[in-house]
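One structure below.
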Amino acid sequence: MSATNSFWQTDEFSHYHTKGKPHIFEGYLSFFYNNEWKEHQLVKLSKSSMYFSELPGVLVSSKIKWCLVSSFIEETSSKTLYGFTISLTTTVKQDFYIENSESLDHWLMFLSQVSIMTTLQEDYVVIKEIDSGKFGTVYLCQDINYSITHEEYAMKKILKKDLKNLKYLNQIFNEIAILRKLDHKNIIKLYKVYEDEKSISLILEYVQHGNMLKRIIKKKKMQEKQVMLFARNLFEVLGYIHSKGIIHRDLKLENILMTSNIGDSEFKLADFGLACYIDKSLKSKSGSPGYMAPEILRGSPYSTKVDIFSAGIIIFILLTGTSPFVATTTHKIIEKNTKCRINFTGNECKGMSDLAVGFVMEILRSEPTYRPTAQQALKHPWIKYKKCCDSEFPTSPYTEDKVTFSKVADNVLV
């Protein structure tokens, strides 16, 4: 039995134990409930709701996922009051009061993992523009509250007027939901999400050494040893993502952010806007021409194996300095990508070791059934090779084909 009381919902359970309900934070809050003032009520926060026990066997909860949160400070004649407001709708809101600013900061930190914040200008100052694209602009920003330590973040700001249809808006919220679920050292971290009347802003981990596309264009060659180490990290993170039931669907050089200006194997995987959950009926054509698995382009059902293929394209480019689907137009790139006829005997592959050629051939198989999973790829002799010194892994011949890279990289199908 459940009864709705505006912000709160009351559920009665004969054998309900709140101790067993998973939560990410708990603390004491003061607020009005059923026209009565609750002083220092223990409230728990989960990944989707906040709740407390009113009586034994009675749970009072509110689903606050995606709801707006704003903090406030009220000055009275006797003391300063700290608190926050959660808005379920424009008319259904609840004010919560808390003892001090430190406790408020703790609540806001954990609420930011569940809800949408509204105090962007009070929390961050923009330093400069980093990049811009189809879905908004990325800025370097600094946390105002921690300006002494110079904590820097990347702010991805999307103007609502640029979200021309519901599909684009769903992509933004899909990226938020998936990034909140993932926690891996090689995945970009999402800290907070803000929304106001004009925009949606994502506060992300700042990675300052550019992306892999810029790196491979700038470098004149890439050692096979470095590519192998990079591939090992890439398939480890793909194994993690796939274990969570998620497909990235847009693996490409630009979405690999480099965490070092020296080594080429350490990175953060970014841009989960096209990511989706595994579904047997998946057929939508999503991805970037030149990187997409052929089964996507053919309109066939697909699985996590599409990420394996895209990873193979990336590794092929890093080893040879060129794409396997070089063409002068996007249409021709897609045509070659669909046919998936890759030449492993050409001049561009001559500098690769036999182990490397064998590995890339396996992960770029046209038929997904014969492609390995991420975990199987990690067991390949090339990935597991222990004596990875430069003399045993010859330098790949690098062709400085900037035009080819840009043509493959810039066109995205949605």
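Placed from the backbone N, Cα and C atoms, the Cβ positions cover glycine too.
Feature annotation from TrEMBL assigns domain 'Protein kinase' to 124-383. What TrEMBL records for Lys134, Lys156, Glu254, Asn255, Asp271 is ATP binding site. Annotation comment: TrEMBL describes Asp250 as active site, proton acceptor. The SUMO2 cross-link annotation in TrEMBL covers Lys252. The transmembrane segment annotation in TrEMBL covers 308-327.
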Relative to the Cβ position of Lys156 (ATP binding site), how many further Cβ atoms are located within 10 Å?
25
Tell me, by DSSP, whether Asp271 (ATP binding site) is helix, strand or coil?
coil
In the same chain, which residues outside the set Lys134, Lys156, Glu254, Asn255, Asp271 have their CB within 8 A of the centroid of the CB atoms that define the ATP site?
Gly133, Phe135, Asp250, Ala270, Gly273
Please state how far apart, in Å and to a whole number, the two most distant Cα atoms are among Lys134, Lys156, Glu254, Asn255, Asp271, the recorded ATP-binding residues.
15
Whole-Å Cα distance, Asp250 (active site, proton acceptor) to Asp271 (ATP binding site), is 8
